[in-house]
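Chemist: TrEMBL lists these features:
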DOMAIN    B:74-266  domain 'ABC transmembrane type-1'
TRANSMEM  B:15-37  transmembrane segment
TRANSMEM  B:49-68  transmembrane segment
TRANSMEM  B:80-102  transmembrane segment
TRANSMEM  B:109-131  transmembrane segment
TRANSMEM  B:143-165  transmembrane segment
TRANSMEM  B:186-207  transmembrane segment
TRANSMEM  B:249-271  transmembrane segment
Amino acid sequence: MATLELRNVNKTYGAGLPDTLKDIQLSIKEGEFLILVGPSGCGKSTLMNCIAGLETITGGAIMIGDQDVSGMSPKDRDIAMVFQSYALYPTMSVRENIEFGLKIRKMKQADINEEVARVAKLLQIEHLLNRKPGQLSGGQQQRVAMGRALARRPKIYLFDEPLSNLDAKLRVEMRTEMKLMHQRLKTTTVYVTHDQIEAMTLGDKVAVMKDGIIQQFGTPKDIYNNPANLFVASFIGSPPMNFIPLRLQRKDGRLLALLDSGQARCELPLGMQDAGLEDREVILGLRPEQIVLAGNEPNGLPTIRAEVQVTEPTGPDTLVFVNLNDTKVCCRLAPDVAPQPGETLTLQFDPAKVLLFDAKSGERLGVAAQPQAGDRPANVAQFKGR
Amino acid sequence: MTSLAAKPSISLSRIAIYAVLILAVLLYLVPLVVMLLTSFKTPEDISTGNLLSWPTVVSGIGWVKAWGTVNGYFWNSIKITVPAVLISTAIGALNGYVLSMWRFRGSQLFFGLLLFGCFLPFQTVLLPASFTLGKMGLASTTTGLVFVHVVYGLAFTTLFFRNYYVSIPDALVKAARLDGAGFFTIFRRIILPMSTPIIMVCLIWQFTQIWNDFLFGVVFSSGDSQPITVALNNLVNTSTGAKEYNVDMAAAMIAGLPTLLVYVIAGKYFVRGLTAGAVKG
Amino acid sequence: MSSVAVFSKASPFDALQRWLPKLVLAPSMFIVLVGFYGYILWTFVLSFTTSTFLPTYKWAGLAQYARLWDNDRWWVASKNLAVFGGMFIGITLVIGVLLAVFLDQRIRREGFIRTIYLYPMALSMIVTGTAWKWLLNPGMGLDKLLRDWGWEGFRLDWLIDPDRVVYCLVIAAVWQASGFIMAMFLAGLRGVDQSIIRAAQIDGASMPRIYWKVVLPSLRPVFFSAVMILAHIAIKSFDLVAAMTAGGPGYSSDLPAMFMYSFTFSRGQMGMGSASAILMLGAILAIIVPYLYSELRAKRHD
């Protein structure tokens, strides 16, 4: 296994064309699982191709271990890749597919057989070794593709949306299996996906990308709790974070956000002391699970009464939509709370968890609120914590 | 998928449809039947009977004479067609491989130029080509004809393979490159084994085109190096002596049988070739 | 390019690999540039020279083209091409479409019938020409057959009639190519969106009307492809003429391709022949370029 470091990696397809990748900077340790996540066209697949050597970079360096591999061809980088379409060689048997790369590297047949046996056992595909890819199911093909990568024992594993072609149920199963396998084998892995749930559950480190730039690089928890900008905040989390545009006010020396539900008003005091933030057009960010039903005893946290617009019972939660400041806001409440449209609820907020973003640039404003360590007032009803 | 008719029923319209179709079958078959019949008649039968009259004596004399005259040219055609088909197919496959999976700057432009070449009226290149063949010492040789057929068959063969290979996902090539395979290894061990259908199409298409060619034959060969199409035309259109239609028809059959047989045996590849060429790439 | 950090050089194997695709394509590129475009240019140049039996590079301006303009045979050939081409394309299209529509009606033994319709395409035009020359033989061919069958006094001497000989070419060519057009349209019909048909049926339209108003119009691209291919065949028609009529009687069934061959190789008029070849190229371009242009425009609209 090896470390991976990307230093100021740039890529353009031609003079005059916009950069596909701009100044990519990140590094992961041996055995770490890095996720590249973002919407289509953000450059994550291009970045992966560059790491693999399938495409060249126009600036910067890619280091595997302490070796600069930027100019090296794919086969010299000691990398294995699992493709979204699996890319199994259709005219060869499963065994021949796994052996292909090993044979090219001129391994001895006895060693090859050993490797194939090891990998087949690991992925439980021993009974499939003599079949052709066309005779396998999607899940089986996926395992064979992984087997082909594992047999090579490379320094780094690359996965390009390997679960996207599977149906939902299989996808969830395979996700857990991948995590298990990573825990066992401790392989340095780079994994591309557009699914933010995969990003959160599988990664040690996550890089959120948009338009060829890394918007934020950190652990899943960081990205979730401390998004660096509006895009990251909106991309990660389901249902997505609520964004309420408003203008900050200063009252009695404190910075306030004024919420209006049509029925009542509420002042949210914000901890930031930055001068110059009043009268700023901002966007308030609040995750659905951070809006709760007010308990019977007041605990000092601001509350507001609001009329229920829509209720969506999902099974594990009930999503309740209200209007605040003319914006549709989603609250994630306990499943046994089942308000009817038109009912009034009293909702409660924790200002410490509120995030502020500049309305124009989307950048996160102010010092991050106190890190959400997960302890909350006891009398607040159901809370979907992270 | 399936047709637009509701339910096949015995209605007047269906009878009419079948009638038309069967009539068409007869019309398409009549020339072939006539050729065969005539080839097995004696000259007397030909002058006394008509196109569809049965021979009073089934005589192979037409065939014997025809074969005697054209057999050398038959072998010429084989000497020309077989190498030309194989070479042009091989080059087309490699070209198609490069154009679909190893694109580089200018390769798309080249493909465009090549595509345009499919429409080229050969009259525009006949003269320069014959000069060149002369300079190369290949004028009036079967080798010269092989050369010409390879050159002017390249456009189609490359088109066939390129269009076929374009539908192969390039993740396959990427995976192979990561496995360490190089340009020729990928071609030999991955792409070629997948190419059987298009190879068949190309071989059959090229065989038919080259065997049936007349223009190149008549321009670039003479005397001993002529292919059978030229020999047939010479035979049929000579005005000396009495016309021996049985010999003429037998010779036409000899010229046409190889491609006809290929069509009967491997017809579906032939059709695929036709429609592959017709449907825009 | 890459950073200043020390990195292992790409191996010579890699350098070769980067060049291999280009190397492999190079011979073909050379052949295409020289053998296609280079030669066309050469012929183009020759058409402006005074070449006769041998190429000479004496400038003749547009003299050869003028000679073509004044040449009665060239006019006959061009007129014949228009007549032959128009009839060939029109009749082949009608027959091809008709047969395709009929075959689309879930016919038993469809595959067998299709095979029969298509076999003429497997034959050389020389064989086709030879066969039809015999069939249309004045006195011994179809006319004798029909007379023997009872139609007394039937005469079919188009082959030797300068005004009608072109029709013989049309008959043979239609026989050869209509199966192919049938196959093209059958494939097109099979690809038609069924839901459009069903909507029309619910609207109460009869099948013939549905075909005429809904299905065939949706096959416009196939029509264009078919016309292009048939036009291409028509312009290049040489084998058929050589076998059936050799341009005769006289030169009444001459076509441009035959003219070019004749003047260039038999009559030692390379300059004129080259000019005629260039004009043939012009005719093909006149058809292809608008077609390609409209195709590209269509793509951009998508």
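Even glycines carry a Cβ here, placed using N, Cα and C.
All annotation found in TrEMBL is predicted automatically rather than curated by experts.
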Chemist: How about long-range neighbours of the transmembrane segment (B:249-271): same chain, 6 or more residues beyond its ends, C-beta under 8 Å?
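Modeler: Apart from its flanks, the transmembrane segment (B:249-271) reaches 34-36, 38-39, 62-63, 65-67, 69-70, 74, 77, 197, 200-201, 203-205, 207-208, 211-212, 228-229, 231-232, 235-236.
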Chemist: Are there at least 3 C-beta pairs under 8 angstroms linking the transmembrane segment (B:15-37) and the transmembrane segment (B:80-102), leaving out pairs fewer than 6 apart in sequence?
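Modeler: No, the transmembrane segment (B:80-102) does not contact the transmembrane segment (B:15-37).
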Chemist: Other than its close neighbours in sequence, what residues sit by the transmembrane segment (B:186-207), given a CB gap under 8 Å and a spacing of at least six beyond its ends?
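Modeler: That would be 81, 84-85, 88-89, 92-94, 97, 101, 153, 156-157, 160-161, 164-165, 168, 172-173, 176-177, 258-259, 262, 266, 269-270, 272-274, 276-277.
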Chemist: Report, as numbers and ranges, which residues of the same chain sit near the transmembrane segment (B:109-131): CB under 8 Å and 6 or more residues beyond its ends.
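Modeler: That would be 99, 139, 148, 151-152, 154-156, 158-159, 162, 215-216, 219-220, 277, 281.
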Chemist: In the same chain, who gets a Cβ under 8 Å from the transmembrane segment (B:143-165) while lying at least 6 residues past its ends?
Modeler: 79-81, 83-84, 87-89, 91-93, 95-97, 99-101, 111, 114-115, 117-118, 120, 122, 125, 129, 133, 136, 191, 195, 197-198, 201-202, 205-206, 209-210, 213, 216-217, 220-221, 225, 227, 273, 276-277, 281
